[in-house]
Amino acid sequence: MVVPNGEGDKTAAVVGLQFGDEGKGKITDYLSGSYDVVVRFNGGTNAGHTVVTDEGTFKFHLLPSGSLRTSYVVLGSGMVIDPVALIPEIEIVRKINPALKIIISRNAHVVTKMHRQIDVEEEKIRSSLMIGTTAQGIGPTYEDKYARTGIRMVDISDIDLIKEKIETMYRMHSNLLANTEFSNLAKREEMAKEIYEAGIKLTGYLDYTEVAIDRLYSQGKRILFEGAQGVFLDPDFGFYPFVTSSNTISASVYTGTGFSLRKVNRIIGVAKAYVSKVGEGPFPTEITGDLAKQLRDLGGEYGTTTGRPRRVGWLDLPMLKYAVRIDDVDEIAITKVDTLGMLDTVKVCRQYLIDGKPIDYVPRDMNTIKKIEPVYDEFEGWGAISDSISGRKISIDQLPSKLVKYIKYIEDQVGKPIGIISMGKERNRTVRIIK
């Protein structure tokens, strides 16, 4: 049962409604103070979540964004984990939240340096069909997972098994790696040793996470699931082939953790007040030129993982409606309203036209997408939002009237309530709206 205004939910999931980079980390951090457990269920270091607190700015790629405030964090079996990259994140979090209990799936697959190299080599082969990969080795790791040749977290305290699996992986990908440093056996053995040394440090955190999560749930713990990326990067429901390699929708809570989606009380979809994207692929409402640079600079739109400038565009309601339906969200959290409001004129895509005729769906084949003509509605910018508007809950009447108009317009078009807005980097600038 969904509880009004999200109060008292025993379980909830946070998922992205666009191309990732929506601000899920900030929303998760805001919510995590009310939850005992935060669980990640997909992706790896290709995710980048930034959290700003009184203690400083923290960027997470593997640990959930709620790690600073909650009691338990879980890395589920649907993730792919770089054990070498994970250790520094744990060390940082321990300084802020020393009592945090960390549980890592024994069955999660391991990202290696060799996978990163394969990622680079595969992108070269794609040539004109490049997808703009983050080169974090995520796709190749999932490839090895489904080829049944991958290394799992449970393997990484066994040096002989690591070496054996690395050699199998090398033979599988030798055509790509022949002219790289990994053609050298000594380099592969050095990589195996590095994984093993990290594995020794992480072994104590390993568990069957599907059992651990169910146990915590049975003990009455409140659980928050944190997704990575967004609907339009999902390989089944996004703009294929410009997608990631793990499923990103809310149903992935089940496949990535073993926890039934029927037990999730609330699904919160996160969207920016505009749209941003890293990498290649379709972007129907993309803004270019000076206005794009202005919006990018106002919003600090540079990738947490890659540092690349993000592409930016107007809020796309056909995409948002589609994502809300696929994720079956109960409410929407809107981020970066402070950034968008600084523009004199704000546009929203209300409708797609193809060959001059309206359509009521989001095409996902490249030839049709190229024909999309967005139809826009325009709003006046609402300017700077007062610093006095902060705290966990506010009345909608405290917001600028032009922003309220924008929020209500989106709610009317999409048919879901906007329950949370974020209007700045600081933790206290994310608020629940009381209407």
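Cβ coordinates come from backbone N, Cα and C, glycine included.
Among the candidates Gln229, Gln294, the residue that Swiss-Prot annotates alongside Asp21, Glu22, Gly23, Lys24, Asn46, Ala47, Gly48, His49, Thr134, Arg148, Thr244, Arg308 as binding IMP is Gln229. Listed recorded positions near Gly23 (GTP binding site): His49 (candidates Asn46, His49, Thr134, Gly307, Pro309, Arg310; Cα-Cα distance within 10 Å).
For the recorded positions Asp21, Lys26, Arg308, a Cα to Cα distance of within 10 angstroms from His49 (active site, proton donor) holds for Asp21, Lys26. Residues Asp21, Glu22, Gly23, Lys24, Asn46, Ala47, Gly48, His49, Thr134, Arg148, Gln229, Thr244, Arg308, recorded as contacting IMP, have a largest CA-CA distance of 34 Å. Within 10 Å of Gly20 (GTP binding site), counting CA to CA, the binding-site residues Gly48, Gly307, Pro309, Arg310 contribute Gly48.
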